[in-house]
Amino acid sequence: MSELTLLILQFAFLALLWIFVFVVVYAMRSDLFGRRVKKLPDAQAAGAAGPASAAPVAAVSTNTPPRQQAPVPQSKVPTFTPLEGSSAGTHPRATTGNASRLVITAGTKSGTEIPLGTMPLTIGRSTDSSVVIRDDYTSTHHARLMVWNEEWMLQDLDSTNGTFLDGKRVTSPVNVPLNTPIKIGATSFELRR
Amino acid sequence: MNGSSPVIEASPLVPDAGRGIRRIRVPQKLRNLELFLLIVACGINAFAVVLVQLGAIGAVDSTVITLGASLSVLVLGMHVALRYVAPNADPFILPVAAILNGIGIAVIYHVDLINGDTGWDSTAIRQVVWSAIALICAIAVVVVIRNHRVLQRYTYVFMFVAFVLLLLPMLPGVGQEIFGARVWIHIGPFSFQPGEIAKILLAIFFAGFLVQRRDTLSLVGRKVLGVRFPRARDLGPIIVIWALSMSVIVFQRDLGTALLYFGLFVVMLYVATGRTSWILLGGGLFLAGAVIASQTLTYVNDRFNAWLDPFSQKNYDDVGGSFQLVQGIFGLANGGLIGTGLGRGRPDITPLSQSDFIVSAIGEELGLAGLFAILCLYLLLIARGLRISFAGHDDFGRLLGVGLSFVIALQCFVVIGGVTRVIPLTGLTTPFLASGGSSLMANWIIVALLLRLSDTVRNQPRLVI
């Protein structure tokens, strides 16, 4: 073995080591740098169909996803807030005993339910969240629903655009009342019996 | 908490017959990524052994097969086990640990070649056997512990066992003193460092204990200069752990282990309570202990002198002086930017270049470029551990994940910092690289626990919007 061959092999080994490091970094890029925002295929389809909803921002600002403008309850979400605020005290706190499901009330998946157990739920754009919300307004790790002393608590994980419980921005962990809207980006959901 | 992990199937969740709820992560995809990375890692490991042979003896013989292939077979076995018992586990941890272990074996093998050790005398062969035992332990941990919350149930049992393990080397029959440190036990032909296993048990105990007690440790206290300090009566746990660490320094004469246990507790306390005052208190306590120890204990004082002034002739010549440290630094200097090449350096000049000083051996043969790649691999491994803890669901699992990853991080810092003269030299092993069965076993068990935690994290109801 000549010196030159050994030197070339040495360079090859170092290069291979670094390639391995970068392959690992590339494979975990979404965890390191946050997940890329992808436009929903449905929103694009709807955008192609009607010029009014072409801009997703405009569609979201009215809090009504482009594809579902007909159902009444969703367009009412903004006007809901003062009513709910005044009657918030009447809603009992959600506990593991009385809340059995999480219902999406506004957004593209409106009407969908998830059964609630006692395990906490994480919400965000990252793929390891329990509820993955992929829109322009959601942070990678946005919020968390967790159980403290058998009561459901909502915690904002320092998200950019905020988590709103009954129209008020959540800054520290708060108790979640039943049937009260929690809004993240363009999606609202409630805990129900 | 029940043992089964709730996975929601797509159909019952969709009342509005739209697009179904998709499981966006297909489990096998993760495992296939792991398999790909593992094959690359095993290739690099085999390449390293071939390079050592070409550089040192100029030919390739059959030792390559025993050293290169046996570890590959074992890690692939672990991969297969994960496919069945933890299909959602993190795909990066196993390949990174495998490549670190393999490069360690290659460098140890080179020192063996120079010393002329063959057969059972060869440290590399023993390291391969220990890797096998460690990996079998790791597979057993993943298979047996299907739910990490089981560990929380035995919080205080783990504490008791950890203390017994720490005390074992002090027993006159089995304890053994090597290079001044009394941290080994010796049974028959085997010697073992029980402190390595104790660090995992302590991490489990700290996690269980802090989950129960953190409210008292975090909510009350008086504010001084904008930092909320705990009440005097809540200082109990930190004082106990500090006393434990100090007694390790005094009786077992092992600085590194003491720093490891105390640092682990302080960081887990900080993560559990979120209060800076614990870091301030812990740092202050440790500094006070270190200063007292350096003034009163000769061996600590020697280490400090060797650290502050290694190149003076007196320190260099002294017994327990800076000879080893300086040789390690000479080795690093000899390596330079790209190293002498695997199998072509002289790592044997530094005493203990197979275990404590393996970092300087790697720095000599692979250079700065290679050593930084190794550090990046550690960084990736630790980042994965912290990431798993961050995404965790139960507080016990989250704290445990932080503790286990931080043990690896702190150990790397203490060893590599000691060899490169950032901090005084202490006798800890470099995780996965250094020769030593107990260390390998402990670190592979940590890997197994992190894999188990990551599998639980991903196994949850999932809805994609």
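Easy rule for this one: first residue shown is 1, then count along the chain.
Glycine is treated like the rest: Cβ placed from N, Cα and C.
Any TrEMBL annotation is an automated prediction that lacks curation.
Annotation source TrEMBL lists transmembrane segment at B:35-58, B:64-85, B:92-111, B:123-145, B:154-172, B:192-211, B:232-249, B:255-272, B:279-300, B:366-386, B:398-420, B:432-453.
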Cβ-Cβ under 8 Å with the transmembrane segment (B:64-85): same-chain residues at least 6 beyond its ends: 28, 31, 34-35, 38, 41-42, 45-46, 49-50, 53, 94, 98, 101-102, 105-106, 109, 124-125, 128, 131-132, 135-136, 138-139, 142-143, 146, 451
Paired segments the transmembrane segment (B:398-420) and the transmembrane segment (B:192-211) in contact, 3+ CB pairs under 8 A: yes
Long-range environment of the transmembrane segment (B:366-386) - Cβ separation under 8 angstroms, sequence gap at least 6: 90, 92-93, 96-97, 99-100, 103, 335-340, 342, 359, 401-402, 404-406, 408-409, 412, 416, 431, 433, 450, 454
Cβ contacts the transmembrane segment (B:154-172)/the transmembrane segment (B:192-211), at least three under 8 Å, sequence gap 6 or more: yes
Residues from the same chain, set at least six apart from the ends of the transmembrane segment (B:92-111), whose C-beta lies under 8 A from its own: 34, 37-38, 40-42, 44-46, 48-49, 51-52, 55-56, 63, 67-68, 71-72, 75, 78-79, 82, 122-124, 127-128, 131, 342-343, 345, 347-348, 353-354, 358, 361-362, 365, 374, 377-378, 380-381, 384-385, 430-435, 440, 443-444, 447, 450-451, 454
